[in-house]
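One structure is given here, and the rest of the page talks about it.
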Amino acid sequence: MPRYACVCSYDGYDYMGFQIQKDLPTIELEIENAFLKLLGDKVKIYPSGRTDKEVHAVGQVFHFDLKKEIPPLGILKGLNAYLPQAIAVLDCKRVADDFHARFWAVRKEYRYSINTKERNPLTARYSPYRYGLDPILMKEALTLLVGCHDFKGFASASIDPRKSTVKTIECAELLEEEGKLVFRFIGNGFLKYQIRRMVGLLIEIGLQKEKKELITEILEKKDPKLSRYVAPGCGLCLYRVDYKED
């Protein structure tokens, strides 16, 4: 069976995450329904990762198998014809039969946006509003997250205990834009809620309500109860996924 990979973008605000959940709107359900309308047959898709409720993407990757060869451009145009406005397929290509969107990924980039200018209902679903943040304090704290660490303390308490919680963050920086702060994280993988918990604590540090030393304590003690701050999902976006051949 020929295997394909697609890059897609989506506004996740009105969805309960990527993964299919019974009787709930999800990105995966919308894409698989589009395949059903396009091909008249069920197609199972496999993403690079499962984004949470309200989380967005501009570079999510998923792969799938078809019963016969179809030109990638035909798949791209066909899916976009049936997908809702909140989801778009940006690219489609034939890949190796053993390619896997999740297991072949070597690097992911996430960005978290915060509106610091003024309340704006038109951007609130993509960039939550916070004021009074000190960028210098947050930049100093970000350096503590770079490197190979056990991030169990920043993860959801419900993660599979059989899986490793050791991850490597290559880049953790704060970009200052007009009326906006953007956290940029690049690493070999991230745990459930990890980025939102890190950003949640960084915001408290920026508000001078917590000290950067709490980051070190969480990494050392590996206790999720210490990272009690969780930033809203709507500010987070899966920006890019890199693969071996890239």
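Including glycine, each Cβ sits where the backbone N, Cα and C put it.
According to TrEMBL:
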type: ACT_SITE; residues: ASP52; note: active site, nucleophile
type: BINDING; residues: TYR110; note: substrate binding site
type: DOMAIN; residues: 9-103; note: domain 'Pseudouridine synthase I TruA alpha/beta'
type: DOMAIN; residues: 141-243; note: domain 'Pseudouridine synthase I TruA alpha/beta'
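Within the same chain, the residues at least 6 positions away from TYR110 (substrate binding site) whose Cβ sits under 8 Å from its Cβ are ARG184, PHE185, PHE190, ILE195, LEU236, CYS237, LEU238, TYR239, listed in sequence order. For ASP52 (active site, nucleophile), the number of other Cβ atoms no farther than 10 Å from its own Cβ, over all displayed protein chains, is 18.
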